[in-house]
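Here's the structure we're looking at; comments come further down.
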Amino acid sequence: MKTTYVNATIVTMNEQNEVIENGYIIVENDQIIDVKSGKFANDFEVDEVIDMKGKWVLPGLVNTHTHVVMSLLRGIGDDMLLQPWLETRIWPLESQFTPQIAVASTELGLLEMVKSGTTSFSDMFNPIGVDQDAIMETVSRSGMRAAVSRTLFSFGTKDDEKKAIEEAEKYVKRYYNESGMLTTMVAPHSPYTCSTELLEECARIAVENQTMVHIHLSETEREVRDIEAQYGKRPVEYAASCGLFKRPTVIAHGVVLNDDERAFLAENDVRVAHNPNSNLKLGSGIANVKAMLEAGIKVGIATDSVASNNNLDMFEEMRIATLLQKGIHQDATALPVETALTLATKGAAEVIGMKQTGSLEIGKCADFITIDPSNKPHLQPADEVLSHLVYAASGKDISDVIINGKHVVWNGECKTLDEERIIFEASRYKRGLQR
């Protein structure tokens, strides 16, 4: 099946960050086979021609760190620091989850993400009360591209920890798929919730199965102080001593890093998922993304969970990310719009090991989203496309979402998930949680 999308303004995110006015994209099944400017001449003898009527077409956004199973917990525990927020609000509520609640919560997060333009994401879920196969089936049904990882903790007894490791290893062996729509990573929660033995076992599983690692690291000053007091090393050095960085690793946050640590992360192919809104809301601080990029670290933008954000709008994250860097460095050139867009598209895709997506180029997966600026005053005049995407647009502006060549959202309507049922069930299950 060959489909051509014509009369589009195409934000390619190729090496030149080329924006093609009045162009077209040809998709064959799940792959882009041509991207050009001008009028389509039907040289490829396509099956369908779709008129985009001047819409902006850009790569689907890539969210490098989420917790979609937590989506029911939006608005719970506002205005709290990370540790008490986790210990007194989030973990007690997650302990009440059932497989049905977990699926309903996941569906809500998936619906919000895909309708706001996210096509790929990397996720960590707490396995308590969760049917992991049901979660993976739910993500698959959404049509999204994802790395969904089972989180490991050292809570409970040593036998509990051993069982958690065994279950996580089975999960990795079942779901790791380097080139598929769904894959997974090895995901120890953090150095402050995992024992040294557990972190070492996670490193072993990652090496033996050739997977990536996903972990919260260097998120707060308290974490750095506590880990240094307990192990005599800062979190980066401690994680490295456990062997975690033997495989490409994504660290969520990286707020508290020094110059030596940034250089070390770059040398060891450790990537950073930058969560600006969540870090601000939890009072964790502001990650120095400018310094990370200058050190050669791969960085991708992320939302974290709705419980700490409180939405999954990647456009908002792009805007906050660039404004924060300009502010903390007192440098208006810090993190320009092209870089912000890169960190939410092709750069983010590279961070989570999904190089097959993130730009609109021949040979890439047909993952793209559209915005119609014609009826949106906040996107007018419409000629400064890149600027508007970062500084003016929001996820609410999305018209269409195509993932792997399939229309997942069309004219604002999600085709893969039942929006009315999902919203109803989310409210019903939320009321049943004992706060």
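Just so you know, glycine gets a Cβ as well, placed from its N, Cα and C.
Quantities reported herein were computed from a predicted structural model and do not represent experimental measurements.
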Quiz item: According to Swiss-Prot, His65, His67, Asp304 bind Zn(2+); which one of His216, His407 is listed for that same site?
Solution: His216
Quiz prompt | 8 Å Cβ shell about His65, His67, His216, Asp304 centroid, Zn(2+) site members excluded | solution = Thr66, Met124, Ala252, His253, Ala273, Asn275, Ser278, Ala302, Ser305, Ser308
Practice problem: Quick one: of Glu94, Arg150, His189, which binding-site residues lie within 10 angstroms of His216 (Zn(2+) binding site), measuring between C-alpha atoms? Sequence order, please. | Solution: His189
Quiz item: According to DSSP, which of helix, strand or coil covers Glu94 (substrate binding site)?
Solution: helix
Exercise. State, in Å as a whole number, the widest CA to CA span among the substrate-binding residues Glu94, Arg150, His189, Glu219, Asp304 given in the record.
Key: 21
Quiz item: His189 (substrate binding site) to Asp304 (Zn(2+) binding site): how many Å between their Cα atoms?
Solution: 13
